[in-house]
Amino acid sequence: MCEASLCDNHLIVHSKSPEHVLCDPTTSLEDRKCSVHKKILEYYCTEDSSCICMSCRVDGEHRGHQVETLEEASEKKKKKLRNVLQKLMTEREETEKRVKSLQERRRKVQGKADDETKRVTDLFRDLRRRLEDLEKRVLRDISGWAERVSCPMLDYIRDLEIKKEELSRKMRDIEELCNMTDPLTVLQESDTGDLWDTEDGDDEDRERHENLLHDGGDVVG
């Protein structure tokens, strides 16, 4: 193995010699020498998994060990690496397939979720519209019921207010008569006949009052 770096012209001469072992150029030739014997590394000890020189093999600590040339060991290692590379490539392809299948599944799930979201959104929008319509109708019915029940009450309240004023007038007239000291004046007082009629229409008013208190039915029919 030549330790000199050669140009193309000189490399041709060395490449034709069987005694010369050429290798790729390296920045440090010391890395290719045995650290113990300072000789070129030529063999690979399979028992210790280390590169050795001729002296290591013949006289050194690797004597009697199973060894191979660097080229043989390198080719074996390359073969193992190629097998590993092929397995890694196969595993990567399987991984890519899994990624694609999961991405496709995720797209389908998202698409279904979007469809369901739209369906539910439309459903609740329709329910809200129906509830709003129902609310308006019920409020309309309540308002109508209140007006239907209240109107007769208002009419009757007006009648009762008139009656109350009439009763108050009669009370004042009676009180005036009771306060008179002249018997003749009391007895001769004109238009006192209506003062005795205090129960006119009382039964009718009572019945009308009871009907209005209990009539009206349910708020929403």
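Every residue, even glycine, has its Cβ placed from backbone N, Cα and C.
As a whole-number mean, the pLDDT of the coiled coil (67-180) in this prediction is 94. Among the features that TrEMBL reports, coiled coil is placed at 67-180.
According to TrEMBL, the compositional bias 'Acidic residues' annotation covers 191-205.
What TrEMBL lists as compositional bias 'Basic and acidic residues' is 206-221.
Residues or ranges marked as domain 'B box-type' by TrEMBL: 29-70. Helix, strand and coil content of the domain 'B box-type' (29-70), in residues and according to DSSP, is 10 helix, 11 strand, 21 coil.
The feature region 'Disordered' is assigned by TrEMBL to 189-221.
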